[in-house]
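Here is what Swiss-Prot says about this protein:
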BINDING   CYS270, CYS273, CYS305, GLU312  [4Fe-4S] cluster binding site
Amino acid sequence: MKQESPIKRRKSRQIMVGNVPVGGDAPIAVQSMTNTNTCDVDATVTQIKAIQEAGADIVRVSVPSMEAAEAFGKIRQQVSLPLVADIHFDYKIALRVAELGVDCLRINPGNIGRDDRVSAVISAARDRNIPIRIGVNAGSLEKALQRKYGEPTPEALVESAMRHIDILDKHDFQDFKVSLKASEVFMTVAAYRLIASQIEQPLHLGITEAGGFRSGTVKSSIGLGMLLMDGIGDTIRVSLAADPVQEIKVGFDILKSLRLRSRGINFIACPSCSRQNFDVIQTMNDLEARLEDVNTSMDVAIIGCIVNGPGEAKVADIGLTGGTPKNLFYMAGKPNQKLDNATLVDDLERLIREEVSRREDQDSAVIAKSSD
């Protein structure tokens with residue numbers, strides 16, 4: 001059953017990244033980054049569409065050269081997802097992608113040279129309503145801050161961000177968001193907590209270079225989870241050395257677990273033991289694979305025996321409790337019918353999809369009525 005999150009989110013200024021609101025009372029946006037060669041337009045477009053299909057709100061694309069900038073323009077024409085151009089040092093690249101339809105510039109003003117270059121980039125962004133993302137990373141702190149602090153610290157990350165923010169403030173440019181990333185969880189969390197009370201702009205959360213799929217998922221879940229529990233964060237990226245599609249799935253799972261945003265089925269399942277009356281693990285693997293295309297939010301409890309099964313099933317939208325000789329299927333918290341092990345997965349998929357269709361029809365009717 002759907003429950004509201006008890007988390008009180010930090011108040012932030014809202015900006016628009018393409019057609020996606022970020023900050024304010026907007027849903028927390030989930031984003032990823034392509035790992036293709038940007039100059040390979042076809043490969044990059046294919047990956048962006050896969051990321052979008054997984055549910056991403058925004059995608060970032062690295063643009064390291066003018067050749068990549070021209071490729072970015074071709075990519076922009078073939079995808080509908082808001083695109084952030086990741087640019088370092090060369091202000092001309094920023095000006096070019098602004099002309100080509102970028103939705104957000106990830107560029108640190110202090111890294112692009114003379115004030116006239118900074119002014120040119122900010123003017124281009126202002127004229128086209130393009131927000132800027134200030135992205136501070138522990139691995140690329142300014143040398144002066146490295147000397148001052150000796151090593152990356154939360155305070156160093158915040159000071160770096162504030163230097164870039166001061167440049168935007170001098171140009172009266174307020175449409176920006178900020179990220180403060182490190183590969184170390186405690187440092188990242190401390191840095192975000194420090195800056196959250198100092199600025200009103202939205203914050204993009206991430207644990208940078210978190211690692212492969214397993215270790216990166218764990219680090220990101222802990223770090224992002226701690227901040228989100230504090231109400232901090234307006235957009236997130238789970239950085240994994242893995243398929244970017246997996247970043248989106250893990251990102252939504254983090255938000256889903258905190259009841260901040262839901263997409264698809266939220267499975268509740270026991271780890272199984274000798275009391276199970278059906279193969280819980282295989283059933284879960286099959287259902288997750290078969291129902292991966294479902295976007296409708298729903299809690300589904302799959303519990304192998306009667307110890308915890310009835311209690312979990314009663315508070316889920318759909319539930320299954322293992323039993324003998326047959327398993328008991330619950331709908332909206334109430335016993336509905338009994339299911340045989342021989343056809344269990346097929347029956348569950350059918351019943352879940354029927355409920356998904358009913359909810360989608362109900363939502364469509366509400367939308368149609370509101371537009372009359």
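Keep in mind that glycine also has a Cβ here, set from the backbone N, Cα and C atoms.
If you draw a 10 Å sphere around the CB of GLU312 ([4Fe-4S] cluster binding site), it holds 19 other CB atoms from the protein chains shown. The Cβ of CYS273 ([4Fe-4S] cluster binding site) has 10 neighbouring Cβ atoms from other residues within 10 Å, across all protein chains displayed.
Excluding CYS270, CYS273, CYS305, GLU312 themselves, the residues of that chain whose CB lies within 8 A of the CB mean position for the [4Fe-4S] cluster site are, in sequence, PRO271, SER272, ARG275, GLN276, VAL280, ILE303, GLY304, VAL307, ASN308, GLY309, GLY322. Sequence-distant contacts of CYS270 ([4Fe-4S] cluster binding site), defined as residues of its own chain at least six apart whose C-beta falls under 8 angstroms from its C-beta, comprise GLN276, VAL280, ILE302, ILE303, GLY304, CYS305, ASN308, GLY309. Neighbours of CYS305 ([4Fe-4S] cluster binding site), defined as other CB atoms within 10 A of its CB across all chains, total 21.
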